[in-house]
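Listed in TrEMBL:
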- 12-33: transmembrane segment (TRANSMEM)
- 281-303: transmembrane segment (TRANSMEM)
- 345-371: transmembrane segment (TRANSMEM)
- 377-398: transmembrane segment (TRANSMEM)
- 419-438: transmembrane segment (TRANSMEM)
- 450-473: transmembrane segment (TRANSMEM)
- 494-527: transmembrane segment (TRANSMEM)
- 533-561: transmembrane segment (TRANSMEM)
- 573-592: transmembrane segment (TRANSMEM)
- 604-632: transmembrane segment (TRANSMEM)
Amino acid sequence: MEVVERPHVILRWISVSIIIAGFFFVTGHSFYLPGVAPQDFLKGDDLKVKVNKLTSTKTQLPYSYYSLPYCAPKTIVDSAENLGEVLRGDRIENSPYVFKMRQPQMCNVVCHVVLNAKTAKEFKEKIEDEYHVNMILDNLPLIMPIKRPEQGITVYQHGFLVGLKGLYAGSKEEKHFIHNHLSFTVKYHKDTQSEAARIVGFEVKPFSVKHEYDGAWSDSVRLTTCDPHAKRTVTNSDSPQEVEDKKEIVFTYDVEFQESDVKWASRWDTYLLMADDQIHWFSIVNSLMIVLFLSGMVAMIMLRTLYRDISKYNQLETQEEAQEETGWKLVHGDVFRPPTNSDLLCVYVGTGVQFFGMTLVTMVFALLGFLSPSNRGGLMTALLLLWVFMGLFAGYASTRLYKMFKGTEWKRIALHTSFMFPGIVFVIFFVLNALIWGEKSSGAVPFGTMFALVVLWFGISVPLVFVGSYVGFKKPAIEDPVKTNKIPRQIPEQAWYMNSVFSILIGGILPFGAVFIELFFILTSIWLHQFYYIFGFLFLVFVILIVTCAEITIVLCYFQLCSEDYLWWWRSYLTSGSSALYLFLYAAFYFFTKLEITKPVSGILYFGYMLIASYAFFVLTGTIGFYACFWFTRLIYSSVKID
């Protein structure tokens, strides 16, 4: 059963997005996010369970819960969704599961379903692909505890499997069995002053049970396999429910309530501590120490070498000595000559500034707790809105650089900045979305949402880029510290290790080395459906990335100028930007070693999205390297006496 999207929902997404953006500028006093307050429940109050998408790490294609013939309420109602939730493929809807606060229930019958060939096939396909059912109670996702006695720990799995494959004793034919009985546990923290309580945990143990009953089926029939009157409940799956044509399935559930010492403010700790974070700590600290050590070494070498060079050049007294000079001072008349394809460089630099602003502001708000996992879809919404509003800085940066290159057609640069990167990404995204749509997955972005994205792009981002470009072009042009010769000097033949391709590829290794450990955790959270929450580590890694991009670009730029090669503009961008190539190669390595994706469409989706991520990383790191080199060259050439 599909839920039809209505036109007013588009306006709701945009409204919610703008409200969330407004929240960013308000000081929050709640634990996670301003506006998200705990809800108190009295004994006997209704607790309504919501269902979310079906997910699988094998296919990466989410599906709506009601795409399978599960028990459905009389009317299916969408919960309020923000733009980020829709883009993530979340489909949160009401369910027929209704609990009464602190009133245990045993063997409640939800519905009775008779499979046909089509529905049996659908269930089998989802069981084959190891799909998980996700539910939500009071904004808490459903988890399944799994005890590991050998390690003495309990790990938690998001949701529960649709079913399992297995063999009957003495049979060689593999069968599919569905989890049709759910034993829920709701944990609550009771208020010492009143009878009110807050929900702090939502767990499940699924079972596959072939329910039996006497006579013909009716809503009032009593099950013999699970009877609340006889206090008989389901404790195992010894007689499992098979999925085949014309098979009857009775869906049932139990609810148990447990008082917990966990307070509402700490209820997400269970979800966020699912993975062993010891490796994370050790790896991050190890990476930080190595990068800081290398940064210190690079900084010391550069400062000492430059100080000696500048002192030597400034002490040249005679014209003969000046004529015999070598090294980076020799190319002072060409070093600020505009590069080839300077317009394209301006566009990429402006786009990089847009990305840098978006990333920095997002991380600051994530650190403050605004974008915690409890705010579902908040991170994606924030990224989109910040990208749109940072168009102002993109236009300003690209046009300022363009005017320095003596350009006059600022509107053309603004237009290219508005459309080049977003246009390429939109085309890739549109193709990938068409593939998802072809698979009838809920991960496909609906037409209404696509329209909302285009409105944000054309209605807000593009005008802001033009406003920024206009302001940037009206500012006085940046003056070069030295004059540029009319005739370019010849570049001497370079050593093999100063070859541009070799130098660029070497330059990307250090920035990638600074982030690849954190990249593992980010990829795991995205593709293995785990929560990513250590934004403090991420911000630290981002700072390290900025430092390493700047330093490696400055070092290689200095060596390039010393060998009398003054074509540094594009090379400075590509040197740190080449780390994106290593990121994409690592993503390919991760795909073949960590993921179990077998379907071609899922593989195309993975590499398509990682291509977009790598392209964005290229623009970001390239811009950081470019500005570091730009600052460095202006600094050194303004520090020496040039006649």
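Cβ coordinates are placed from backbone N, Cα and C, and glycine is handled just like the others.
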Contact yes or no, the transmembrane segment (345-371) and the transmembrane segment (604-632), 3+ Cβ pairs under 8 Å, gap 6+: yes
Statement: Here the stretch out of 377-398, 419-438, 450-473, 494-527, 573-592 with the most C-beta pairs under 8 Å to the transmembrane segment (604-632) is 573-592
Task: Rank 377-398, 494-527, 573-592 by Cβ pairs under 8 Å to the transmembrane segment (533-561) and hand me the top one.
output: 494-527
Long-range environment of the transmembrane segment (377-398) - Cβ separation under 8 angstroms, sequence gap at least 6: 16-18, 20-21, 24, 33, 81-88, 90, 346-347, 349-351, 353-355, 357-358, 361-362, 365-366, 370-371, 413-414, 417-418, 453, 456-457, 460-462, 464-472
